[in-house]
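Here's the structure, in structure tokens; my notes come after.
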Amino acid sequence: MQVMPPNPGGGPSRLFILRPVATTLLMVAILLAGIIGYRALPVSALPEVDYPTIQVVTLYPGASPDVVTSAITAPLERQFGQMSGLKQMASQSSGGASVVTLQFQLELPLDVAEQEVQAAINSATNLLPSDLPYPPIYSKVNPADPPILTLAVTSSAMPMTQVEDMVETRVAQKISQVTGVGLVTISGGQRPAVRVKLNAAAVAAYGLDSETIRTAISNANVNSAKGSLDGPTRSVTLSANDQMKSADDYRQLIVAYQNGAAIRLQDIATIEQGAENTRLAAWANKQPAIVLNIQRQPGVNVITTADSIREMLPQLIKSLPKSVDVKVLTDRTTTIRASVSDVQFELLLAVALVVMVIYVFLRNVPATIIPSVAVPLSLIGTFAAMYFLGFSINNLTLMALTIATGFVVDDAIVVIENISRYIEKGEKPLDAALKGAGEIGFTIISLTFSLVAVLIPLLFMGDIVGRLFREFAVTLAVAILISAVVSLTLTPMMCARMLSHESLRKQNRFSAASERFFDRVIARYGKWLKTVLNHPWLTLGVAFSTLLLTVLLYLLIPKGFFPVQDNGIIQGTLEAPQSVSFSNMAERQQQVAAEILKDPAVESLTSFVGVDGTNATLNSGRLQINLKPLSERSERIPAIITRLQQMSTQFPGVKLYLQPVQDLTIDTQVSRTQYQFTLQAMSLDDLSLWVPKLMAELQQTPQLADVTSNWQDQGLVAYVNVDRDSASRLGISMSDVDNALYNAFGQRLISTIYTQANQYRVVLEHDVSTTPGLAALNDIRLTSSNGTIVPLSTIAKIEQRFGPLSVNHLDQFPAATISFNVAGNYSLGEAVDAITLAEKNLNLPKDITTQFQGATLAFQAALGGTLWLILAAVVAMYIVLGVLYESFIHPVTILSTLPTAGVGALLALMMAGSELDVIAIIGIILLIGIVKKNAIMMIDFALAAEREQGMTPYDAIYQACLLRFRPILMTTLAALLGALPLMLSTGVGAELRHPLGVCMVGGLVMSQILTLFTTPVIYLLFDKLARNTRRQPDAQELP
């Protein structure tokens, strides 16, 4: 049994110093748990902060925006509006498609939201049109969330209809089954179909109308149960040739008889194998393609999901003909991997720099090894806690660990420095470890809990920003707590066994030179400190001026929300006049795409034209531009966007909107630009009056760029004004008119062809190639009640009007969204102020409400809570320090160091040209926890000297400053060098890390210079005030 030494010191470290085996095994357990946790942690770009979002898409080919709104969107919205936990509901009704996006509260599980949505769709089914070709389809993805992978499938030998069919049945379904895949959407889908193009003249010559033909086709192609015959010994299943499966089958179909002669479909129509929707198209670079956009499920390991898809691709490609080519054009995990790898390198660099600082100051290999062990042990042990808390390895958690590198070594340095001091005085290492650790234990606890207290307010931040930084704060707090445990257990134990008087006194040329250097620095600091202590009011003036300067700089500095990252992908929207046709839009888009591909920074692109669940109107096309890797291009993404937009001006009649794809997606709708501002009214008329006025005002605002809107009410409309009296006399109903028009111009899906693998549609339309434009309406024929064929022009007049291309709702009311980018050298805060001012100057009526959306709304919430967050951090730290010191005064002295850090951080941001965004705010909050360490170390030793050695406050604080100068300088440099790699980072995702590094470095430099002088002066001031208060005579007793 080990004999306990008589020295009763050691405090909480005593047991661990005296039991080295138990201490070592405890640390090994922490290390192993961390390694296992690291291997099991998922990898992502950022913490999981997605709002539970579900998109409901309903296709109704041929329907106008007004019909889609009233017949589909409105009934669905009424049902969705009754769901609990719904945060926001936005819808867009365009020609042939209704898209409703439902965003739920952060706390609501996505599976619960899914059940609510399914129930609401079921309730609305009876209210939807009976001829709806497809039921509403919902998907558990955010439409604004960019895909993790984009595949392009092309073929030089096969038609796109066959390629699409193979992609849908052999590729898309298999990929959808991969764990982590949320949705696979097919853009440019040319789904095979039989297209029946009626010849209007032939139909009229035979005395037929389109409704008769539609009914004949529908009745001729059926697929239903027929029963079976069950005899005494055998059972026979009944089957029939009731299915027509090819264009040849339909050509021979008899649709009517005239004078005993059969009228076949081929006599009055052209029947061909074609695409179900001829107004959809996609391209990979310049080649027609079927594009697969693969989106993730919320909360999955995006790296693992992408890897699983890539692993199965070779097998999927083998199932396709050799003439079909499959390429991965976009892989967002490439930049995620690169960004995480860069942060991991910066983490290792920070560790190396911190170890270097330790050696420079301690000048002793054993003394350097001890805190160097504490750093990786604390960081690796944190991974175990991250795993159990459900966190991931992402940019923010790795940034927290990088910053923690400078924090976790502080405690070990303070312990080693104090123990070494006693060893150098001649005490035995074990006694020195017990005495030094016991003396410094309270300081370590004070430093740790006061620093963790600063992070507590981050845990209570609300909404998306709070969820975003929760992992950052908890990861950092866990690393700090583990470092405190290591510093109070392993560090003193190693000191007792690795340090000795001889090893500490042993010097080489470097250590001797550095010792002389530090002695001179401390001596010079002592002289300056005496001068400052003898002129306290000047120092107090400097301290007070830093507070005023902090407030002034906060008011002046540009403010933003989240750094714009260069992820190598640009999302583009090409907008043409509202009356543009599909073919003309496709031609314009391909011209622009060809020029984009000539840019030296562009590697590839995909483009799409048509109306689907993402693209709302025919006059807008989507582009996804993939840039070359950052190492292969000289420019960052803002410069490339500027150049591409300037290039697009050579194409008249189109406008190109570009925005970089970001890891953080808060919006719920695909937008042309980065930020959105919504107007909501009770009627479309109010919006049609005020949206153009506000748009004109904002387009003249210098703080804004690329101002546009989804308000489009200048689409051409051919209004069929039916004389109801005349129609009634002829026995023609409005239903007959609508059916005739739908049959002719709606790409109407009139029948279904069933196969073993898929289902295909029969599409009915008029062949308008011979009579384009409004003249085609003259070919419409209807059947009167007595069987006479009546031209449409007999009972109706055609009027050309303007109408909406889409109808947008927000929470069931008409809305319009104005999208914008921030111009030039302006900040998001300045842009928001400019919009608010323009709205005020325009004096909008009270029944029009306005609201920022997405990232801009989150920015306003974050900005409004910044001061409260900082105040909460200060109050939390004051409470912790007050409890630890049992004093109201000493915490104030410690907190007096904070303005110096604020000044340094804000000045550094302004000098670097950075905005005060949420990343920088986190840096400032961390500085609050760091810079007070200097004051704690000074005040702890000053109070101990007053209490134990009977020193005066002046002598006590002077001695404390000199004794703690070296560990203060060492810990500050360690924290500074831990943040330096973040400030100097240039790789992928550097934009995210840069503000944090700039804040930390700037704040630490400024606070280190000032607090070494202001803290002792303020300590003496408050000590004097406290003594004067205690010396006041007691109140005399009343007689």
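Just so it is clear, glycine is given a Cβ too, placed from its N, Cα and C backbone atoms.
Marked as transmembrane segment by Swiss-Prot: 16-36 (among others).
The feature transmembrane segment is assigned by Swiss-Prot to 342-362 (among others).
Look at Swiss-Prot and you will find 373-393 (among others) tagged as transmembrane segment.
Taken from Swiss-Prot, the feature transmembrane segment applies to 396-416 (among others). Beyond the transmembrane segment (396-416), the same-chain residues lying 6 or more positions past its ends with a Cβ under 8 Å from any Cβ of the stretch are 46-47, 340, 343-344, 346-347, 350-351, 354, 358, 361-362, 367, 370-371, 374-375, 378-379, 382, 386, 436-437, 440, 443-444, 447-448, 451, 468-469, 471-473, 475-476, 479-480, 482-484, 486-488, 491-492, 495, 499, 926, 930, 933, 937, 967, 970-971, 974-979, 981-982, 992-993, 996, 1000.
Taken from Swiss-Prot, the feature transmembrane segment covers 440-460 (among others), and the record attributes it to sequence analysis.
Taken from Swiss-Prot, the feature transmembrane segment applies to 472-492 (among others), supported by sequence analysis. For the transmembrane segment (472-492), the list of distant contacts is 10, 12-13, 16-17, 23-24, 26-27, 30, 47, 370-371, 373-374, 377-379, 381-382, 385-386, 389, 391, 396-397, 399-401, 403-404, 407-412, 414-416, 419, 433-434, 436-437, 441, 444-445, 447-448, 451-452, 455, 458-459, 922, 926: same-chain residues at least six beyond its ends, Cβ to Cβ under 8 Å.
Using a Cβ-Cβ cut-off under 8 Å and counting only residues 6 or more beyond its ends in the same chain, the transmembrane segment (537-557) has close neighbours at 896, 899-900, 902-903, 906-907, 909-910, 915-916, 1010, 1013-1014, 1017-1018, 1021. Annotation comment: Swiss-Prot describes 537-557 (among others) as transmembrane segment.
Here Swiss-Prot flags 863-883 (among others) as transmembrane segment.
Tertiary neighbourhood of the transmembrane segment (888-908): same-chain residues 450, 543, 546-547, 549-550, 553-554, 557, 874, 877-878, 881-882, 916, 920, 923-924, 927-928, 930-932, 934-936, 939, 943, 998-1007, 1009-1011, 1014-1015, 1018-1019, 1022-1023, 1025-1026, selected by CB-CB distance under 8 Å and a gap of 6+ residues from either end. Annotated transmembrane segment per Swiss-Prot: 888-908 (among others), in sequence order, evidence recorded as sequence analysis.
What Swiss-Prot lists as transmembrane segment is 911-931 (among others). Long-range contacts of the transmembrane segment (911-931) within its own chain (CB-CB distance under 8 A, at least 6 residues past either end) are made by residues 403, 407, 450-455, 457-458, 465, 468-469, 472, 476, 554, 557-563, 827-829, 862, 866, 869-870, 873-874, 877, 897-898, 900-902, 904-905, 972, 975, 992-1000, 1002-1004, 1007, 1011.
Long-range Cβ contacts of the transmembrane segment (968-988) within its own chain (Cβ-Cβ under 8 Å, at least 6 residues beyond either end) map to 335, 338-339, 342, 345-347, 349-350, 353-354, 356-358, 361, 399, 402-407, 409-410, 413-414, 417, 566-568, 630, 930, 933-934, 937-938, 994, 996-998, 1000-1001, 1004-1005, 1007-1008, 1012. For 968-988 (among others), the entry in Swiss-Prot reads transmembrane segment, with the evidence type sequence analysis.
Here Swiss-Prot flags 1002-1022 (among others) as transmembrane segment. Outside the transmembrane segment (1002-1022), and at least 6 residues removed from its termini, the chain residues within Cβ reach (under 8 Å) are 525, 528-529, 532-533, 536, 539-540, 542-543, 546, 889-890, 892-894, 896-897, 900-909, 911, 923-924, 927, 930-931, 934-935, 938-939, 942, 953-954, 957-958, 960-961, 965, 968-969, 972, 975-976, 979.
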Problem - Contact call for the transmembrane segment (373-393) against the transmembrane segment (16-36), three or more Cβ pairs under 8 Å - result: yes
Exercise for the section: Any chance you could find the range in 16-36, 342-362, 863-883 with the most Cβ pairs under 8 Å to the transmembrane segment (440-460)? Expected result: 863-883
